Structure formats: structure tokens, C-alpha cells
Amino acid sequence: MADSISPVIGIIGGSGLYNIEGLTNTRWERIATPWGEASDELLFGELSGTKVIFLPRHGRGHKIPPSALNYRANIDALKRAGVTDIISLSAVGSLKEELPPGHFVIVDQFIDRSFAREKSFFGPGCVAHVSMAHPTCPRLGDALEASAKELGLPVTRGGTYLVMEGPQFSTLAESNLYRSWGCSVIGMTNMPEAKLAREAEIDYASIAMVTDYDCWHEDHDAVTVDAVVRVLLDNAEKARNLVKSVLPKIGAPRGLCPAGCDRALEYALITAPEARDPAALANLDAVAGRIL
Ligand SMILES: CSC[C@H]1O[C@H](OP(=O)(O)O)[C@H](O)[C@@H]1O
Ligand SMILES: Nc1ncnc2[nH]cnc12
């Protein structure tokens, strides 16, 4: 693996973030993948000399619900397009008093309660187990924290994102259960996105932008889409500024990721070379081509 990496930054835009302004040399291009269709075409562009590739997670116009997203196609398409680092932007509900609507959380842990999604690029014919102990990249987290502070955004470094299946919001009993587990925020999309980014050896960071107090807070109404959208527009503007500010910090040529995010597959494959299924391997050309 080359020791000098010229970063290509993938931005995954969540609810309310269907485009990214200020890029130059832009083009929307559909990338075919062995896993089916990504949510939309990818927007290729540049910002302050850094290559950026944007994907609206739910497609332009927000057409795809969390359970129907083709997470594998999204991550494969970004990998195929050359992405080395992903900044994932998401709307979330808050599970803590001190994280009010408008607050940003640089997530560092997840609890994955989703159950109706394809969660791995690997399977019969080519089995792999990557580490998810530390699912986000501290190097990207450092840069995001510095930028958020420079911009004066209300930000918390670290927090656990509970991934629910949805599309319905949680019951009060569920919301209180997740609070008792110490979770910070709740959303429907960061898993299996983060798992697949790890399998694809792409450094991953998640900014969770609080839109509501879910349904547990006695002084706030239970979450509705209407309430989420009202806060979302303001959050989206702050998120665009954050992206503009962070790109110069993470866009310069760099060495390998100190946390090893970009080498996650090095010790993960367990299927003996002679037992590997050629059809399974063919699908892994982008994700695992480096080690196969
Ligand atoms: C519109 S509220 C529920 C919706 O918003 C979040 O999506 P994303 O993570 O893409 O911003 C949440 O996970 C739900 O999908
Ligand atoms: N309360 C909530 N639960 C799940 N996903 C959300 N996205 C935004 N708010 C949410």
C-alpha cells in the first residue's frame, strides 16, 4: 500500500442535505456497482484544491427510506470513485438533556439495533471479520472538532449513536431504554454505513446534528417530521460551513491512518485462498481489491 495518500473526501448528506454548494468542476455521475443501485448519482467536484465526492443518502428529493437504502451500493460506489475518507452527516434525536436541538455530536460509538439490512460485503465464498471496536476515525474527528470550534458551533466530541430500524420513531419505553444505556443520540442510518465503510477500508467520521428530543423529554413534544425539518434547515447551513472549513484540514497528502482504518482488511479474511468463490471475489474488486 502506498504510504502517501492523496485524499478524496466523500460526503454523505442526510435528511435536509441533498446538495453541496461551492464546489468547482462539478458533474453528477452514476457509478455502477455489483451490489445494485446507489441512492443517486455522485456529485464530483473540488473545494480549495481537495477532491470531493458528494452522495445524498436518501437520493435527491428524499425518495428512499432508511430500511430501503442500498448501503452496500452507496459505499462501493464511493470506493470505486476513489474516496479515501467519509464525512457522514445525519439528523438525529437527542437522548440527553445537554444535547439540545441545534447541537452537533462528533459520534465515536454506535449501538446497532437495525435488523432489516444487508450489513456486509463478505459472505458465503469469502468470509471476513473486521474490527468495529473503534468505528470512527480519530484523525477525522480531530479535524471536525477543530473546525466546529473555529466556527463557534455547539459541538460535543464523542457520543454513542443508537441506530434503530424505523421508519417509525421510537416508543417512550424504547427511548428510555436507550437513555438508560447511556446513548447520546438516535437515528436510522449510520449502520450498516459505518460497518461497510470499515470493510471497504475507508476512514469514517459521523456528525450527528440534533433536531429533536425524541419522545422522552417531559418539556418537549414527541418528535414529528415537521419539527425535525424546522431545525434541519438551520443545521444544514451549519453543516455546509463545517464541511468547507474541514476540507483544507483533511485534504492534504498524508500518510497511512494512525488508527489503521485504511488497513482494516489486513487480518480480517479467514476463507482459505483455494476455498474462495470466484463469483464472490468478483463482487469485491473495489472494496477488497487491495488485498485479494
Ligand atoms: C426526517 S427524520 C428521520 C430521518 O432523518 C435521519 O436521516 P439521516 O441520518 O439520513 O439524516 C434519520 O436517520 C431518519 O432516516
Ligand atoms: N428522534 C429521532 N429518532 C430517529 N431518527 C431521527 N432523526 C431525527 N430525529 C430522530
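Any Cβ shown, glycine's included, is placed from N, Cα and C.
TrEMBL lists 9-247 with the feature domain 'Nucleoside phosphorylase'.
Annotation comment: TrEMBL describes Ser15, Arg57, His58, Ser90, Ala91, Thr189 as phosphate binding site. Secondary structure at Arg57 (phosphate binding site), as computed by DSSP, is coil.
As annotated by TrEMBL, site 'Important for substrate specificity' applies to Ser170 (among others). Taking the Cβ of Ser170 (site 'Important for substrate specificity') as reference, residues of its chain lying under 8 Å away and at least six apart in sequence are, in sequence order, Gly93, Met164, Tyr178, Ile186, Asp214, Cys215.
Annotation comment: TrEMBL describes Met188, Asp212, Tyr213, Asp214 as substrate binding site. Every protein chain considered, the tally of other Cβ atoms within 10 Å of the Cβ of Asp214 (substrate binding site) stands at 26.
Taken from TrEMBL, the feature site 'Important for substrate specificity' applies to Val225 (among others). Counting every protein chain shown, the Cβ of Val225 (site 'Important for substrate specificity') has 12 other Cβ atoms within 10 Å. According to DSSP, Val225 (site 'Important for substrate specificity') is assigned to a helical segment.
For the recorded site, Asp214 (substrate binding site), the DSSP three-state label reads coil. Residue environment of Ala91 (phosphate binding site) contains 24 other Cβ atoms, counted within 10 Å of its Cβ in all protein chains. Among the binding-site residues Ser15, His58, Ser90, Ala91, Thr189, the ones whose Cα sits within 10 Å of the Cα of Asp212 (substrate binding site) are Ala91. As a whole-number mean, the pLDDT of the domain 'Nucleoside phosphorylase' (9-247) in this prediction is 97.
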